[in-house]
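In TrEMBL this protein carries:
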type     : residues               : note
ACT_SITE : ASP294                 : active site, proton donor/acceptor
BINDING  : GLU143, HIS211, HIS232 : Zn(2+) binding site
DOMAIN   : 62-378                 : domain 'Amidohydrolase-related'
Amino acid sequence: MPTNKSVSKAPITQFVNCRILRDHKLQREDLWVREGRILDPEKLFFDEEGYADQRVDCEGLIIAPGFIDVQINGGYGIDFSQATSNVRGGVALVAKKILEHGVTSFLPTLVTSPPNIYHKVLSEVKVHSGGVEGAGVLGCHLEGPFISLEKKGAHPEQYLRSFQSGGMLDLIETYGTLDNVAMVTLAPELPNSEKVVRELAQRGITVSLGHSVANLSQAEEAVQNGASFITHLFNAMLPFHHRDPGIVGLLTSDQVPQDRTVFYGMIADGIHTNSAALRIAHRAHPTGLVLVTDAITAMGLPPGRHTLGQQVIEIQGLHAYVAGCSVEQALEAASLHPAQLLGITRCKGTLDYGADADLVLLDDAINVRATYIAGQEVWRK
């Protein structure tokens, strides 16, 4: 007689006494995991015996989807924009270290660099899943060199470029390849940028607007052509003005296509962005907030002289600031929203049934207590 019982004999892990983040709120229920994915307990109980091979007691803890960092330049002495003799080893070191911060996937980010750096690094950094060896790499984020001279920030002026050859040819000449590239930050006011935005979007590469003096209409045109992200909102762009709010105006623009969400990155450290500005942005467009670290070589190291790409910078102190929103909103800004931005919510950024069991366990003060990738514990405090 036919049966609906699963043929899988893989062990089942049950996380008990949980408060899990699902449907935008913390809910008291257990979480079931098998073969690296989250199980539907109803099907488990009706189609199978309904028992777990292992139980993890999460009393007093919150379970959220693993964090996804879409802008991280390096850390622990590693600079992703340096073409060292062991690029892969550097990425692997950072991938391992960020597990303690609940990060299960990330985009290694390269700042403005000469072409030989891109050619070397991009040929070495490959998309791969995470595990005990470290967080997974979802692709690279290329922040520059097609950005504004006026808003270059810490990017070296001598390596800035424009779209002189009409668009995509400039990207290929500069980067060498777009394989394993997940995101490109550019200034939409540069001539011929509209062609680049359309082509990148068609290739499934996220286009972000940043380091730019674009006005609102230029930013809106870029979004209409496929751009969907703003790199570190408020930083390295024209300040908000009531007659022309610039890129910031995208948060409430009525020219954004109805089927499109514009996401925006925020460095919530209380230094790059005043907490009041962060709250204004969040209240104007709460579903677009993406928390990023924008971490550099100095992360995990004491203050001193460190590199950022081809520059040397002085770090005097490190600070942290918790965004002025609810716990649920902050956790989604570090998990669900970046997954939505990258179009990977089928497997990342949620605790939905069938999603990858990439999890972060936190206490009520939002301190990370444990990190899981594909249902396997990869770090515990």
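Note that Cβ sites are derived from N, Cα and C of the backbone, with glycine treated the same way.
Keep in mind that TrEMBL annotations are predicted by a computer and have not been checked by a curator.
Annotation for the binding-site residues HIS211, HIS232: lowest Cβ count within 10 Å of the residue's own Cβ, HIS232.
Ranking the recorded positions GLU143, ASP294 by C-beta neighbours within 10 Å puts GLU143 at the top. Rounded to a whole number, the C-alpha distance linking HIS232 (Zn(2+) binding site) with the residue listed as 'active site, proton donor/acceptor' is 8 angstrom. Same-chain residues with CB within 8 A of the center of the GLU143, HIS211, HIS232 CB atoms, the Zn(2+) site residues themselves not counted, are GLN71, VAL111, GLY144, ILE147, GLY153, HIS155, THR185, SER208, GLY210, THR231, ASN235, ALA236. For the pair the residue listed as 'active site, proton donor/acceptor' and HIS211 (Zn(2+) binding site), the C-alpha distance works out to 14 angstrom.
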